[in-house]
Amino acid sequence: AEVCYSHLGCFSDEKPWAGTSQRPIKSLPSDPKKINTRFLLYTNENQNSYQLITATDIATIKASNFNLNRKTRFIIHGFTDSGENSWLSDMCKNMFQVEKVNCICVDWKGGSKAQYSQASQNIRVVGAEVAYLVQVLSTSLNYAPENVHIIGHSLGAHTAGEAGKRLNGLVGRITGLDPAEPYFQDTPEEVRLDPSDAKFVDVIHTDISPILPSLGFGMSQKVGHMDFFPNGGKDMPGCKTGISCNHHRSIEYYHSSILNPEGFLGYPCASYDEFQESGCFPCPAKGCPKMGHFADQYPGKTNAVEQTFFLNTGASDNFTRWRYKVTVTLSGEKDPSGNINVALLGKNGNSAQYQVFKGTLKPDASYTNSIDVELNVGTIQKVTFLWKRSGISVSKPKMGASRITVQSGKDGTKYNFCSSDIVQENVEQTLSPC
């Protein structure tokens, strides 16, 4: 079967759109009137209330604050969501703090609240509506598609892909925020987001556990030029309950990255395990990309597809973290079992204590680990060492750090600190530069 709509073209329910193992249920997209795609324009001049613009009525665009000399960023929500939800306009507001931009929140709640199998077909109409608006801007107002960036969450990521594909990949950038897995993973490129949909495609994966049995809603498949897997792509810190917490974190990371880009450096790495074992450190000579809003500043961004990056984030607030590699060489009287902790004292502030090692503590041995610190301490001036025993014993041995080496992930700078002190457990020892 096939259904056609005036300015949007025709839609079929033949393969690969339906009747495949990934898409067993055959259905056509709903009527565009029912889906009722709306474009809510926010700009630096109207940050708190939107102007409704319509592709079929160019007068609405000309009468609005849409500025032809600025970039345009579309934000597209996902399943069961709405374009008037606060997270979309909040993202625009963060952008207005760092740039002048046309920020268009795309509302398709008339199509997103259907059953999932139907909603996944409805995005084809929404993608066509977005593409049509970009075409109108291009043909009627001479506005170049490469100035367009489409950000989509969940089903919205594949909606962005559909729009980009219809514009022959001429859109400047697409960002996929945890693209939806069911009905899209392992499907042909024309059905889902893929790197050919824009000049640059970057993706943040936060919920890659399988849909069955874990209810992981996001794709594990790499679908961009650059695919970021914060915290390995699943089980986000601070997400205790609720099936949507991990899936929604991709939005929160992007939102924070607009104002805190340096706190989301992605390390190129083959796997999260390798990253966690202190591999893939420090950043390469050309630097690490910034996950989120400023990923497009990375020099090698489109050198290859499926470039893979890992990082760890915080559990709340702005989620930023700064990664360091720490090596502690111990001195002391005997080898109790316990843990050793280090804090960094820098020009911009002091970090909390981070555990470097837990186990048998042997004098003269060295222990190395990577830590993700909650603030950018700047140039490191001192470090503190603290050890704690596990278990109880009558004797009170003393241990110390004779040397602590700290390396910054961002630029590879190494700092060396020394001391000849030894301290009892729970007593802080300060080390100065050697």
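Using N, Cα and C of the backbone, Cβ positions are placed for all residues, glycine too.
Noted in Swiss-Prot for the protein shown:
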ACT_SITE  D178  active site, charge relay system
ACT_SITE  H247  active site, charge relay system
BINDING   E189, R192, D194, D197  Ca(2+) binding site
DISULFID  C4-C10  disulfide bond
DISULFID  C92-C103  disulfide bond
DISULFID  C239-C245  disulfide bond
DISULFID  C269-C280  disulfide bond
DISULFID  C283-C288  disulfide bond
DISULFID  C418-C434  disulfide bond
DOMAIN    322-434  domain 'PLAT'
REGION    76-88  region 'Required for galactolipase activity'
REGION    240-244  region 'Required for galactolipase activity'
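Positions of Swiss-Prot features highlighted on the structure.
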residue : record                           : Cβ within 10 Å
C10     : disulfide bond                   : 8
C92     : disulfide bond                   : 24
D178    : active site, charge relay system : 30
C245    : disulfide bond                   : 16
H247    : active site, charge relay system : 25
C269    : disulfide bond                   : 18
C280    : disulfide bond                   : 22
C283    : disulfide bond                   : 19
C418    : disulfide bond                   : 14
C434    : disulfide bond                   : 11
Packing count at D194 (Ca(2+) binding site) (other Cβ atoms within 10 Å of its Cβ): 24
Residue pair D194 (Ca(2+) binding site), C288 (disulfide bond) - Cα distance, angstrom, rounded: 23
From recorded positions C239, C245, H247, C288, C418, the one whose Cα lies nearest R192 (Ca(2+) binding site): H247
Helix, strand and coil totals (DSSP H, G, I; E, B; other) for the region 'Required for galactolipase activity' (240-244): 0 helix, 0 strand, 5 coil
Whole-number mean of pLDDT values that fall within the domain 'PLAT' (322-434): 95
DSSP-derived structure type at D197 (Ca(2+) binding site), helix or strand or else coil: helix
Set of same-chain residues at least 6 away whose C-beta sits under 8 angstroms from D197 (Ca(2+) binding site): A160, G161, A163, G164, K165, G169, V171, I174
Neighbour count (Cβ, 10 Å) for C4 (disulfide bond): 9
Residue among disulfide-bonded residues C10, C280, C288, C434 with Cα closest to the Cα of D178 (active site, charge relay system): C288
Reduced DSSP assignment, H247 (active site, charge relay system): helix
Integer Cα-Cα distance in angstrom, C4 (disulfide bond) to E189 (Ca(2+) binding site): 22
For C283 (disulfide bond), the three-state class that DSSP assigns: coil
Three-state composition of the domain 'PLAT' (322-434), taking helix and strand from DSSP: 0 helix, 69 strand, 44 coil
